[in-house]
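For reference, TrEMBL has these:
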- Asp500: active site, 4-aspartylphosphate intermediate (ACT_SITE)
- Asp500, Lys501, Thr502, Glu594, Phe637, Lys661, Arg690, Thr771, Gly772, Asp773, Arg853, Lys859, Asn882, Asp883: ATP binding site (BINDING)
- 12-27: compositional bias 'Polar residues' (COMPBIAS)
- 69-82: compositional bias 'Basic and acidic residues' (COMPBIAS)
- 164-213: domain 'P-type ATPase N-terminal' (DOMAIN)
- 260-360: domain 'P-type ATPase A' (DOMAIN)
- 906-1136: domain 'P-type ATPase C-terminal' (DOMAIN)
- 1-27: region 'Disordered' (REGION)
- 69-94: region 'Disordered' (REGION)
- 936-956: transmembrane segment (TRANSMEM)
- 1018-1039: transmembrane segment (TRANSMEM)
- 1051-1071: transmembrane segment (TRANSMEM)
- 1078-1095: transmembrane segment (TRANSMEM)
- 1107-1125: transmembrane segment (TRANSMEM)
Amino acid sequence: MPNPPSFKSHKQNIFNSNNNQHRNSVDSFDLHLDDSFEAALDNLQIDNNPEPLSKHNTVGDRESFEMRTVDDFSNHSTDSHRKSSNTDTRPLMYDNRLSQDDSFKFTNIASSPTSSSNNVFSKALSFLKIPNTKNWSKFGSPIELSDQHIEREIHPDTTPVYDRNRYASNELSNAKYNAVTFVPTLLYEQFKFFYNLYFLVVALSQAVPALRIGYLSSYIVPLAFVLTVTMIKEAIDDIQRRRRDRESNNELYHVITRNRSIPSKDLKVGDLIKVHKGDRIPADLVLLQSSEPSGESFIKTDQLDGETDWKLRVACALTQNLSENDLINRISITASAPEKSIHKFLGKVTYKDSTSNALSVDNTLWANTVLASSGFCIACVVYTGRDTRQAMNTTSPKVKTGLLELEINSISKVLCACVFALSILLVAFAGFHNDDWYIDIMRYLILFSTIIPVSLRVNLDLAKSVYAHQIEHDKTIPETIVRTSTIPEDLGRIEYLLSDKTGTLTQNDMQLKKIHLGTVSYTSETLDIVSDYVQSLVDSKTDSLNNSKAPLSTTRKDMSSRVRDMLITLAICHNVTPTFEDDELTYQAASPDEIAIVKFTESVGLSLFKRDRHSISLLHEHSGKTLNYEILQVFPFNSDSKRMGIIVRDEQLDEYWFMQKGADTVMAKIVESNDWLEEETGNMAREGLRTLVIGRRKLNKKIYEQFQKEYKDASLSMLNRDQQMSQVIAKYLEHDLELLGLTGVEDKLQKDVKSSIELLRNAGIKIWMLTGDKVETARCVSISAKLISRGQYVHTITKVARPEGAFNQLEYLKINRNACLLIDGESLGMFLKHYEQEFFDVVVHLPTVIACRCTPQQKADVALVIRRMTGKRVCCIGDGGNDVSMIQCADVGVGIVGKEGRQASLAADFSITQFCHLTELLLWHGRNSYKRSAKLAQFVMHRGLIIAICQAVYSICSLFEPIALYQGWLMVGYATCYTMAPVFSLTLDHDIEESLTKIYPELYKELTEGKSLSYKTFFVWVLLSLFQGSVIQLFSQTFTSLLEDDFTKMVAISFTALVVNELVMVALEIYTWNKTMFVTEVATLLFYIISVPFLGDYFDLRSMTTVKYYAGLLVILLISIFPVWTAKAIYRRLHPPSYAKVQEFATP
């Protein structure tokens, strides 16, 4: 084998920038293998699957590195792209195929490696953060340098062929198991729980002769039943997942580069595919051509981001009119490394190695979206499989554990301790004289294993499925979906409700109610005046716009021209696209505010007639004429900039205009100075209106051309592109805009929000509103929704930028605990950073908290802090993508299917359609789920305890001999056939009528105290089991004897009494009987009677036909049940529970 290449290093400055935000320099070095390291490398093991080298991996605090080929994209020269195709960019192989000329560049931002030949190798290892050199392999094994985090250059003619194995496979696989891993994986998942592992050990112990106390089947069958139910459920779910995967993977797409149709799973990076209307996008694509001459295509993204509006995508202008041959052979695409954000993409397309156009997210079609527009499009595959945005944003959902399950787990630990204590105690009473006393302890542990019920988990899991079915089929809350079926009991334990405002408390049905132009406002009552101004628009158009060439002071314009300028700007400055489906006009936009504005201009006579990527046409309805504008540039709205803008050219007057609208907080710094903006935005906010500031600026052609040149250069940058583009916009456009006016958009409250909030507050739930809206708007909505009572003092904390100010506000809150708090995001961030503990110690006790101007992360942080500091159950509800983080951080997340889409709904545990449905979900279904599961768990524990008590009494009376009382199918039948159905029927019970939960919401408060299942109630059931088990066994032995000949007689009366006692106890605990409950009780009793003749191996069947047997059975049951029923009746009479009082009062 030839000697490996050598390592050497040198420094090279590859970046210089005048921007202090950029990296001043980046040190890089080429690594080659040095002869002196050959011996060392022979002893190294190179891991075939190390962690990918991320372009943005953090090393230490700020150190990061990049890995690219020598002909990388750092210089952004168009010539380098075709050259780099000759460079071997496949994974580095330490073998004889690596020539001396092959090299890789490693870029170290924070520090550069030493040039010393003695330690360069160790520096390289440290630099790469290889954790353990033992995981390296020898020569001939590849170092898997993942291409996932490397900028990629794609050539449709060569990449799919030569780099077919370089990138991720596009085969979709959501299956959890395969034929080999199904059983082992499932067994591991089940036996990692203490319950199942405990019973497995107990069952296996029966294979040891010294520990055998019964049939192996009597211990294996219950455990096998639980595992079988779980395995069947998992198998069905996995089969369904595989079926869906197979359908998606086998969808056919026409690949132009291969001139045939191939399945989705076989697509490769670089393939050019043709997608038609209604087709699912199979991978992340760059749109190159559209069948529409304008290059436009619409996609549906509801399965990606939950938003239901169509998104506009445009083909790259450079490739829109190229032939298929040119697309295959003469273009190359540079794409940034894969990342999670669906709103960002950096890239460029190069034609004939000379002309380049920038690519952005507007040129992409993300996987799992659907082409909505007519015709077809041609696109290039840039990311496949796990590298797609959809896959990178798909994370395994966090498994939520309900509070009741934690409480049951805690009680189970007590039961486990009881088993050990009882076993040791019985052996101690017998004396430790026997050398095999430890075996006796083990036998007792096996005998008392029923105390820890193996069927408890499967009972609770099945019960949760019943609750989910009841919720989804409740006609009072239609279209409700349960997405997390493991926590329905937590719906009955909520103490804090964190709610979004827009689309959650309000309808997200926007209507423009008011426009303000500095000195005058127009509302819905004065629309006729606005319409009159619009009517004269065309007739006076030339004069009006000529006047606009004068200084743009609004004081020099008459009101007519000011109104017309405002309306034209409103009709142009947006991202709304008119579409026709079945000859019906609809508007598509990401924001309902924009649609409301377009509908407003339409109502006053100025309609959006046509829009594509290059032009926009307005229809003047009074004259029937059109106003045409060329779209030169669009700056979309995003949550960071909080504004959107557009540059257009008026085709009639050949004038260039920059128009912009946005939030007052950012626009106030961009528009020209004025003395009314802040006051009027406050006035509109107090009216509950969402405000937007409208401005514009006239550009001359020379300034625009300069802007366009610098903006294009910035857009082609692969480094800090967004930042560079923003700087160009600020330099040329965003300053001294003419302030045209304000718009006020109304968002009405949802149906029954006021009454729902009042019910929830009376139920003892503290409600917080977290919104990104303005302070005054939040205040107004909270008052109208009755979050804040009329006359209640509201303490407002805004613009706290220093810790000292936060401390002073905190001291005030400590002495005013009855005030409602209204706080903005800036101040909240200060408290979270400096006084988190002290702040939340106070505010969790306030009647209401309204936080406005909140970021999505702040919403999530608030939910997490409340959970951590109070230990209470927190429910979060929202409807938009900005609520997803908050919903996922809650104990119970509720999503509303709204006009902002389904993203919140898809991420939530429960999905509803209206806020008012939350009262039904919590007060009724939450109550039932919690109380039913609490009772079910205690009955299952009682069922195990009572049979263990019978065994203990028998062992004591048998001179502490660890001999099984009930064996074989008696043990199996008791936990399944003879008691399971009646006990499980308790999941259908309810202690109060549904209507009363709304009339008396105060009943919900008792649930949050956890009284239905606590250590107090648990020990009551323990005492009950101790009493009944002792009575059953002692009296059974009294009516027979402990002689061996009478053993089967004693077992017959004891076991029958045990089964009947359980059935009667279930009947006594039912509040509301229904047909199912009655049938399960009767059917179970009949089944036991029918099965008795088949139990001759365990019972003395002749004794069961005597009068003495039935007389003894009756006496045992009376003594076992009557005192319990009497005590319960007396206690209920003396201390009736609240629900009983309400039910009795409501009953006529």
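The count begins at 1 with the first shown residue.
Cβ coordinates come from backbone N, Cα and C, glycine included.
Keep in mind that TrEMBL annotations are predicted by a computer and have not been checked by a curator.
Everything TrEMBL records as a feature, shown here on the structure.
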residue	record	DSSP (3 states)
Asp500	active site, 4-aspartylphosphate intermediate	coil
Phe637	ATP binding site	coil
Arg690	ATP binding site	strand
Gly772	ATP binding site	coil
Arg853	ATP binding site	coil
Asn882	ATP binding site	helix
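Counting residues 6+ beyond its ends, the transmembrane segment (1107-1125) has Cβ neighbours under 8 Å at 1024, 1027-1028, 1031-1032, 1035-1036, 1039, 1052-1053, 1056-1057, 1060-1061, 1064-1065, 1068 in the same chain.
Among 936-956, 1018-1039, 1051-1071, 1051-1071 has the largest number of CB pairs under 8 A with the transmembrane segment (1078-1095). Rounded to a whole value, the Cα-Cα separation of Arg853 (ATP binding site) and the residue listed as 'active site, 4-aspartylphosphate intermediate' is 12 Å. Long-range contacts of the transmembrane segment (936-956) within the same chain, counting only residues at least 6 positions beyond its ends with a Cβ under 8 Å from a Cβ of the stretch, are 404, 408, 411, 415, 422, 426, 429, 444, 447-448, 450-453, 455-456, 459-460, 463, 962-966, 974-975, 979, 983-984, 986-987, 1013, 1017-1018, 1021-1022, 1024-1026, 1028-1030, 1032-1034, 1037, 1054, 1058, 1061-1062, 1065-1066, 1069. Summed and averaged per residue, pLDDT over the domain 'P-type ATPase C-terminal' (906-1136) gives 91. Our reading of the ATP binding annotation (Asp500, Lys501, Thr502, Glu594, Phe637, Lys661, Arg690, Thr771, Gly772, Asp773, Arg853, Lys859, Asn882, Asp883) yields a largest Cα to Cα distance of 26 angstrom. Neighbour density for Gly772 (ATP binding site): within 10 A of its CB lie 23 other CB atoms from the protein chains shown. The candidate set comprises the binding-site residues Thr502, Asn882. Of these, Thr502 has the most other Cβ atoms within 10 Å. In sequence order, Met769, Leu770, Thr771, Lys859, Ile877, Gly878, Asp879, Gly880, Asn882, Asp883, Met886 are the residues near the residue listed as 'active site, 4-aspartylphosphate intermediate', counting only same-chain partners six or more apart with C-beta under 8 A.
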